[in-house]
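> Got these off TrEMBL a minute ago, pasting:
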DOMAIN    5-143  domain 'Lactate/malate dehydrogenase N-terminal'
BINDING   83, 89, 121, 152  substrate binding site
DOMAIN    148-307  domain 'Lactate/malate dehydrogenase C-terminal'
ACT_SITE  176  active site, proton acceptor
Ligand code: APR
């Protein structure tokens, strides 16, 4: 069987980390694309020189030509500008919308059968625009945010409860931004929901509220520390888990930004919800019962995403 092909659009911090992870995991041959000449080629060469030590056979090339992504099975998009300190994800909107247009057209012309995972921020608006520009079916275009947000939430919960990260499951819905909705009723330690753990005296509501706040600002906390860019290890790891679920038809239940068609009372909008990812792309959208509070928070998050789309349509009238 021919090796799978993974195309990474954007060869910056996340793109390079994605390429490294995909090579180490032997997911397939890798094409690193960027508009900057030399960077994807240099990173590809560096990564190729890992192969003798790590023993992977994947071929890694760097390119500035979309023709090289032809036939890609999975495409992960990180092209664009990352946040600088003091910049919100939404500040990136105008710049990255133009980038999504060129990426969407490149995908449409060269790899229309791929499963596309978008990471570029502001995520919920960019993944929607990427689908519009690429014309791919909605079940083949998803946004990576929920896996990262819930991973951050889980890491903080494991620290708080002093338990193995392996036993923590956490649940985050909504947009990727300050309005994301960590749902504690569905966040557990070995199946024990966080509210029960609070009742058992293992933590307090105040501490959990502080963790939720830290999770919502998880990206910003890292931007403030790095000063010259945004998080890249955990975003790349998160997207790779989604790519694996597609490539190996794992049918994992993962939170992802997907196009809702009435679920959660939302229509034709990309919002983070639990989905099943398998060989068909987004195979199921899982609609869970939400508490009144979680539903109200989700509504706020949905409104924030809607505002972003209004802004996108004002910038690029072809999106109307
Ligand atoms: N086409 C392809 N690549 C592009 C384009 C374009 N039109 N415009 C910019 N790029 C490339 C840049 O040259 C750069 O190499 O995208 C890459 C982005 O890399 P970084 O600046 O290192 O950003 P990174 O940390 O990888 O984050 C990428 O993901 O999490 C989000 O907010 C983050 O939107 C940002 C994206």
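Even glycines carry a Cβ here, placed using N, Cα and C.
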> So for residue 83 (substrate binding site), how many other CB atoms are inside 10 Å of its CB?
21
> Measure from the Cβ of the residue listed as 'active site, proton acceptor' and count the other Cβ atoms within 10 Å, all protein chains considered.
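Its Cβ has 29 other Cβ atoms within 10 Å.
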> So if I draw a 10 Å sphere around the Cβ of residue 121 (substrate binding site), how many other Cβ atoms end up inside it?
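Excluding its own Cβ, residue 121 (substrate binding site) sees 28 Cβ atoms within 10 Å.
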> Where does the residue listed as 'active site, proton acceptor' sit in the DSSP three-state scheme?
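In the DSSP reduction, the residue listed as 'active site, proton acceptor' maps to coil.
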> Which recorded positions among 83, 152, 176 have CB under 6 Å of ligand 1?
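Close enough to ligand 1 are 83.
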> Please report the Cα separation of residue 121 (substrate binding site) and the residue listed as 'active site, proton acceptor' in Å, rounded to an integer.
9
> So how many other Cβ atoms are close to residue 152 (substrate binding site), meaning within 10 Å of its Cβ?
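Other Cβ atoms within 10 Å of residue 152 (substrate binding site): 26.
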> Express the predicted model's confidence over the domain 'Lactate/malate dehydrogenase C-terminal' (148-307) as a mean pLDDT, rounded to an integer.
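The average pLDDT of the model in the domain 'Lactate/malate dehydrogenase C-terminal' (148-307) works out to 94.
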> Is it possible to list how many residues within the domain 'Lactate/malate dehydrogenase N-terminal' (5-143) are helical, extended or coil according to DSSP?
67 helix, 25 strand, 47 coil
> From the Cα of residue 152 (substrate binding site) across to the Cα of residue 176 (active site, proton acceptor), what is the distance in angstrom?
12
